[in-house]
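A.B. asks: TrEMBL feature annotations, pasted as is:
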- A:7-283: domain 'FAD/NAD(P)-binding' (DOMAIN)
- A:320-386: domain 'NADH-rubredoxin oxidoreductase C-terminal' (DOMAIN)
- A:420-468: domain 'BFD-like [2Fe-2S]-binding' (DOMAIN)
- A:485-535: domain 'BFD-like [2Fe-2S]-binding' (DOMAIN)
- A:560-622: domain 'Nitrite/Sulfite reductase ferredoxin-like' (DOMAIN)
- A:630-767: domain 'Nitrite/sulphite reductase 4Fe-4S' (DOMAIN)
- A:C639, A:C645, A:C679, A:C683: [4Fe-4S] cluster binding site (BINDING)
- A:C683: siroheme binding site (BINDING)
Amino acid sequence: MGESREKLVLIGNGMAGMNTIEHIIKLAPHKYDITVFGSEPHPNYNRILLSYVLAGDSKVEDIVIHPMEWYEANGIHLYSNETVTSVDTAGQNVTTDSGLTVAYDKLIVATGSNPFMLPLPGADKEGVMAYRTIRDCEIMIEASQQYKKAVVIGGGLLGLEAARGFLNLGMQVDVVHIVDTIMERQLDRTASKMLQEALEAQGMNFLLEKQTESIIGDERVQGLKFKDGTVAEADLIVMAVGIRPNVALARESGLEVANGIVVDDYLQTSVPNVYAVGECAQHRGAVYGLVAPLYEQGAVLAKRLAGAETVPYEGSVVYTKLKVSGVDVFSGGQFMDAEDTKAIRVHDEFSGIYKKVVVKDNKIVGAVLFGDTADGTRLMQMIRNGDDISGLEKTAILRDNSGSGNGGGSGVAEMADDAIICGCNGVSKGTICSAIKDQGLTSVEEVKNCTTASRSCGGCKPLVSELLSYTLGDAYEKTSGKETICGCTDHSREEILAAMKEKGLSHVKEVMSVLAWKNEGGCSKCRPALNYYLAMLNPTTYADDPTSRFVNERMHANIQKDGTYSVIPRIYGGVTSPAELKRIAEVAEKFEVPTVKFTGGQRIDLLGVKKEHLTQMWEDLDMPSGYAYGKALRTVKTCVGDTYCRFGTADAMGMGIQLEKRFERLNTPAKVKMAVSGCPRNCAESGIKDLGVVAIDGGWELYAGGNGGVKVRAGDLMMVVKTESEVIEYTEAYLQYYRETGIYGERTSEWVKRLGIDTIKEVISDPEQRAGLCARMNETLSVTKDPWKEAVNNATIRKDLYEVVEIKS
Amino acid sequence: MNNTTLHSAGTEGQLAWYAAVAYEDLAFNTGKTIRCDATEVALFKLSSGTIRAIQNRCPHKDGVLAEGIVAGEHVFCPMHDRKIDLMSGLVQAPDTGCVTTYPVRIEDGQIYIGLPAAKEMAS
C-alpha cells in the first residue's frame with residue numbers, strides 16, 4: 001500500500017507548513033507519504049506564544065503544537081535539526097546539509113522568514129541577538145541571570161513583547177525606536193501614546209527618535225551609540241526591527257522570487273509541483289508576517305493537494321493584538337485616517353479606553369482599540385464581510401451587541417467553514433461547529449478544552465460564544481454569559497450555594513445529581529470546590545469527602561515532581577526550641593530525608609519522603625501538621641518584636657503564635673498567609689500577606705489582601721485596633737467573610753480587589769455583622785482535628801491512603 | 001513483601017496474573033499503588049464498582065496517577081491536570097498521549113492484575 005502513495009516533502013517545520021500537513025492528513029489520510037525537514041531541533045511549536053515563554057507564563061513544552069509522537073503516529077518522517085540545502089526541480093528531489101537526498105512528487109516550501117539584523121558596526125559582538133526562536137528565548141533567559149540591562153532596537157509588536165519579557169526576567173530595559181511613536185504600523189498616534197504610557201508604568205524606558213550608529217564594547221557588547229551622539233548602556237541587545245522572507249533556497253532553486261516566493265491563488269510557485277505557504281510566500285504582491293493569513297493559505301493549499309475542491313485564496317485582511325499582560329491593544333485593517341475615510345471615535349481618558357473605527361463608503365475598513373478590545377473580533381468580521389453600516393446607529397457599532405440574542409449580529413452565520421476563529425491556534429469555524437454538534441458542547445470552556453480555540457490569548461472568546469449561540473440557538477441563550485464553576489455544569493457559584501442551602505444538600509455526589517451535572521463524577525475543578533462550599537455552609541455536620549480533595553490535601557503532604565512528598569510540621573510563629581529541633585533532626589536522619597530546607601514561612605521542610613513512610617514519620621515527629629499543602633492557613637511569620645528588638649513596640653512573636661493557634665487547620669477558598677511585625681519597619685513583611693499585622697504605638701494595624709506571589713500586591717489598610725484580642729476578633733470576622741464570599745481558588749488579593757476594601761471594612765466594622773461572622777468562625781474552628789494524628793491513629797486511613805502493595809514476580 | 005502478602009498466579013498467554021488486593025479492601029475512587037519490580041500500577045475502584053488498572057505515571061511529566069482525583073471513568077493527573085480515560089488509557093483532548101492499561105479480574109473476592117509475562121519468561 002505504501003508504494004502507491006505519492007511522496008510529499010515539506011521544507012520548514014513551522015506553523016504554516018505543518019498546519020497545511022495537518023489539514024491534508026484530515027482530508028486525505030492515505031494519499032501521501034510525508035517527509036518534513038526542520039532546521040530547529042524541536043517539533044512544531046507555536047511561535048506566536050514565545051512571548052509567553054519569555055514572560056514565564058508558559059513552558060517550552062506548553063507551546064509545542066505537535067509532539068514527536070504525533071509525527072510518529074501519523075507516519076510522518078520528521079528530520080529535525082536538518083536543513084535542506086538544495087532543490088533539484090528537474091529531478092524532483094531535495095538534498096540536506098547531512099547529504100541526505102529525498103525525492104518528491106509534490107514539494108511545499110515553508111521556510112518562513114528570518115529576523116532582519118541591522119548591519120551596524122559592532123553588530124557581530126557577543127550579546128547582540130534576534131528574537132525569533134526557542135533558542136533565542138533560552139539565551140535571553142540565561143542572560144538575565146548574569147546581566148542587568150537590555151536594549152531592544154525596534155518599538156514594534158515583537159520588540160515590545162521582547163522588552164516586556166526582559167522586565168519579567170528582572171532586567172532593566174530600554175526600547176529604541178526610530179520614529180516618535182511606537183507600533184506606528186499598527187496604531188494611530190493617540191493609541192500609540194496611550195500604549196507608551198501604559199508600558200512606561202510597567203517599567204519600560206523608551207528612547208524615541210533615535211537612530212543607532214554603532215554598537216560599542218570589546219568582545220561583548222557594552223552599549224550603543226546613536227546618531228545624535230548620545231549613548232545607552234547595554235549588556236544585551238535584541239534587534240527586533242522586522243523580518244525578511246527566507247527565500248535564499250527558493251531563489252537558488254530557480255523559483256520566481258520577488259520579496260517573497262511568488263505564488264498564485266492556489267499557492268503554486270512558478271515551478272510545477274512546487275508550492276509555497278506562509279511568511280516566505282508572496283501572493284498578489286503581499287507578504288504576510290502574521291498568523292491568520294498563513295492559516296488561510298494553508299487551508300487552500302491543503303485542499304488543493306488533497307484533491308478537494310477549494311475556493312482560491314484571495315488575500316487576507318490582517319489584524320494584530322499585542323500580547324503584553326495588563327495592556328489590551330487591537331488593530332486591524334486600514335486603520336489610518338485618510339481623505340476619503342471618516343471615523344467613529346470614543347476616547348475615555350478616565351478609564352484609559354480609546355476606540356476608533358474607520359469607515360469608507362459606509363463600510364468599516366479598519367479599527368484601533370485600546371484598553372477594551374472586546375469588539376475586535378466582531379469588527380474584523382464586519383470588515384471581512386464588507387457589511388454596510390449605513391442602517392446602523394454609529395455609536396452602536398462600538399457597543400458589544402452579543403448580549404442582544406441576535407446570533408447573526410457579528411456575521412458568524414455568513415462566515416465560511418474554514419474561516420479562522422482562533423488565530424493563535426488556527427481553529428476554524430467548521431472545526432468548532434462540528435465539535436459543538438458532534439460532542440454536544442454547550443460552553444466556551446468546553447469548546448476550549450475540545451478544540452483549543454481561545455486557549456491562548458482568549459481574544460476570540462466572544463466569537464466562540466456567538467458560534468455556540470448560532471449552532472445551538474435558544475438552548476445556548478439560557479446559559480450564555482454566566483460564569484459557571486466548570487464545564488460540568490451550567491450553574492454559577494451563587495446558584496450552587498443557594499441550592500445547597502435551600503435543598504439541604506449534604507454530599508458532593510448529591511449536589512452533582514440534584515443539579516444535573518453533565519459529566520458523571522464531575523472533574524478536578526468542581527469536586528474540590530463543592531467539597532469546600534459544603535463544609536463552609538455546614539461546618540459541624542458535613543463529612544469531608546477526601547476523594548474530592550486534591551492530592552496534597554488528601555495526603556496532608558506536598559507531592560513533589562518525582563512522586564515523593566514533603567513534610568512541614570507546624571512551628572507556631574516560627575518560634576521553636578532545641579528539643580523540637582533535635583527531634584526533627586533525628587526523624588530526618590532515621591528516614592534518610594535527602595533534603596532539609598527552611599521555608600519562606602519560617603519553618604522546616606523535610607523533602608523527598610516516600611508515601612509509605614509518611615505516617616510513621618508523623619508519629620515520630622509528634623508535631624501538628626503545618627498545612628503547608630492546603631487551601632488553609634499556612635504560616636504566621638513574625639519578627640522578634642519588643643521581646644528583643646530595640647525598635648519593637650509590641651510582642652510580635654506572642655501575637656503571631658496566638659493567631660496561628662487560633663486559625664490553624666482552617667480551610668479557606670485559597671491559601672492564607674499571615675505575618676506580624678513588631679513595628680512599622682515591617683521585618684515580617686506584613687504588607688504582602690493575606691492578613692498583615694503591624695504594631696504601632698498603642699495599637700495594631702491590620703492589612704488585607706496583600707500578596708507576594710505571581711501578582712505582587714500591597715495589602716490595603718483595613719482597620720486599626722487597640723488590643724490583641726481585637727486583632728483576633730477582627731481577623732475572625734475578616735477570614736469568615738472571605739470564607740463565605742470568596743470563590744474557591746480565589747486569593748484574598750483578588751477577593752479584596754473584587755469586593756473593594758471599603759465594602760469589607762463596612763461589614764467587619766458593623767458590630768452585628770461582626771458578631772455573626774465571629775460566631776460562625778467559632779463554630780467552624782470548634783470541630784477541626786489534626787490530620788496527621790488522625791492518620792496515625794486510624795488503620796483504615798493508613799491502609800486506604802498510604803499503603804503501597806508490593807507484588808513479587 | 002512487608003506491606004501485604006502476595007503470591008504470583010499462573011501465566012496465561014502473554015500475561016502473568018498477580019493477586020493484588022482483596023476487592024473489599026479497596027476504597028472507592030481512591031487509587032492504590034501496586035509495585036511489581038520496576039512496574040508501578042495504579043489500581044482504582046470506580047463508583048460503579050468496576051476495577052481499573054493503569055500505568056502509574058502520566059505520559060506528560062510522570063505525575064503519579066494513583067493520587068489523582070477520580071471522576072466517573074476518568075482520573076485527573078495531580079501534576080498538571082491531564083484527564084485520562086481509565087478504560088482506554090487515552091489522554092483526553094486537547095492534550096494527547098496514552099498510558100498502558102492492564103487487564104484485571106476478580107476471583108473469590110481477590111483482584112488479579114495481568115502484567116506482561118515477558119520478564120518472567122526471560123528470568
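A Cβ is built for glycine as well, from the same backbone N, Cα and C atoms used for every other residue.
Please situate the listed features within the shown structure.
C.D. replies: Within the model, the domain 'FAD/NAD(P)-binding' (A:7-283) carries an average pLDDT of 92.
DSSP classifies A:C639 ([4Fe-4S] cluster binding site) as coil under the three-state reduction. The Cβ neighbour count for A:C639 ([4Fe-4S] cluster binding site), using a 10 Å radius over every protein chain in view, is 25.
Taking the Cβ of A:C683 ([4Fe-4S] cluster binding site) as centre and 10 Å as the limit, one finds 18 other Cβ atoms among all the protein chains shown.
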A.B. asks: With the domain 'FAD/NAD(P)-binding' (A:7-283) as the reference, find which of A:320-386, A:420-468, A:485-535, A:560-622, A:630-767 contributes the most Cβ pairs under 8 Å.
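C.D. replies: Per the Cβ count, the answer is A:320-386.
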A.B. asks: For the binding-site residues A:C645, A:C679, which Cβ has the most other Cβ atoms within 10 Å, all shown protein chains included?
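C.D. replies: For the binding-site residues A:C645, A:C679, the Cβ with the most other Cβ atoms within 10 Å is A:C679.
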A.B. asks: Show, in sequence order, which residues other than A:C639, A:C645, A:C679, A:C683 on the same chain lie with their Cβ within 8 Å of the centre of the Cβ atoms of the [4Fe-4S] cluster site.
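C.D. replies: Neighbours within 8 Å of the Cβ centroid, excluding A:C639, A:C645, A:C679, A:C683: A:V640, A:G641, A:F647, A:G648, A:A652, A:S677, A:G678, A:R681, A:N682, A:A684.
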A.B. asks: Of the listed stretches A:420-468, A:485-535, A:560-622, which one has the most C-beta pairs under 8 A with the domain 'NADH-rubredoxin oxidoreductase C-terminal' (A:320-386)?
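C.D. replies: Selected stretch: A:420-468, with the most Cβ pairs under 8 Å.
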